[in-house]
Structure formats: C-alpha cells, structure tokens
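What follows is a set of notes on a single structure, which appears directly below.
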C-alpha cells in the first residue's frame, strides 16, 4: 500500500489516462511504472524508434501502435475509468475513445506482466542514441 501511495503522489502532475495506465501497470506487475517503464528500451516512454530490445520493449512498441490507431482520440489526456474483477482489468463504460484508450493500456499492462521474467534492468534508462535502426511498421 505504501508503494501505491508513493506512485500516486508521483503521478499527481500527470494528466489524463497516463495516471490510469500507471495504476494498471502497478497492479499488474507490482513495479513502479515511472522507474521501471518510463525510459525502458527504445519504445517505453515518449516517442520511440529502432528495434524493440526485448519482449517488454515490444509491449511498448505495440502500445504505441495501438495509440497510433486512435487518430481521433487523445490517448495521453483523455481520462477513462476501469476496475478489477477477480484480479482482471475491466474497462468501464465511457465514450468510444475512452474505451479504446483503456483497452490499449490494459493490453500493455497485461503484456508487461506476462513478460516480467524477461524484464532486463540493462534496458532501464536506455539511451535513445542506441536506438538507431529504422523503426518497424505497426
């Protein structure tokens, strides 16, 4: 519970669905989303280019693609509601955009959990300069 409080305090300045996404990540992985995923590999965090470094980084690549398929939505600022049923993330009722953003975030959080065993600390705070390859297409 203490970790949850610390993450919530750290995310107060974050707008929109990034807050919900962070809470989903924490709930699925037990990891602090800011320190564990914000600057991981070539795709976790703002932007992204090159080849995903591992399965976790690929989760971020797919998440970026998912957001890219929502041209009429604002994934980083539109808020949505979700809850848990028997431990599973369930997106709440909302607008079409809110629901699609929630589903993108839900899929990424689950992907992070499924790939916890291959999470590699060498990709935390990974320098962008090492992501030189041409990006894959979504």
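Backbone N, Cα and C atoms are what each Cβ position is placed from, and that goes for glycine too.
Here Swiss-Prot flags 63, 105 as active site. Swiss-Prot lists 43, 45, 47, 64 with the feature Ca(2+) binding site, giving similarity to another entry as the kind of evidence. According to Swiss-Prot, the feature disulfide bond maps to 42-131, 44-60, 59-111, 65-138, 66-104, 73-97, 91-102, an assignment based on experimental evidence. Residues or ranges marked as signal peptide by Swiss-Prot on the basis of experimental evidence: 1-16. Per Swiss-Prot, the feature site 'Putative membrane binding site' maps to 18, 19, 34, 35, 39, 46, 76, 77, 79, 124, 125, 129 (among others).
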Candidate with the highest Cβ count within 10 Å, taken from the disulfide-bonded residues 65, 73, 102, 131, 138:
102
Using a 10 angstroms cut-off on Cβ to Cβ distances, just flag whichever of 45, 47 is the loneliest among these binding-site residues.
47
Centre the Cβ atoms of 43, 45, 47, 64, go out 8 Å, and tell me which other residues of that chain have a Cβ in range of the Ca(2+) site.
42, 44, 46, 48, 60, 61
Neighbour count first, Cβ atoms within 10 Å, every protein chain included; then name which of 63, 79, 124 tops the list of recorded positions.
63
Compared by Cα position, which of the recorded positions 47, 76, 97, 105, 129 is the closest one to residue 63 (active site)?
105
Spatially, and counting Cα to Cα, which of the recorded positions is closest to residue 65 (disulfide bond)? Options: 42, 59, 73, 97, 125.
59
Which residue, out of the recorded positions 64, 105, shows the minimum number of other Cβ atoms inside 10 Å of its Cβ in this structure?
64
Find the shortest Cα-Cα separation between residue 35 (site 'Putative membrane binding site') and the recorded positions 66, 77, 102, 111, and name the residue that gives it.
111
Quick check for you: of the recorded positions 34, 97, 131, which have their Cα within 10 Å of the Cα of residue 43 (Ca(2+) binding site)?
131
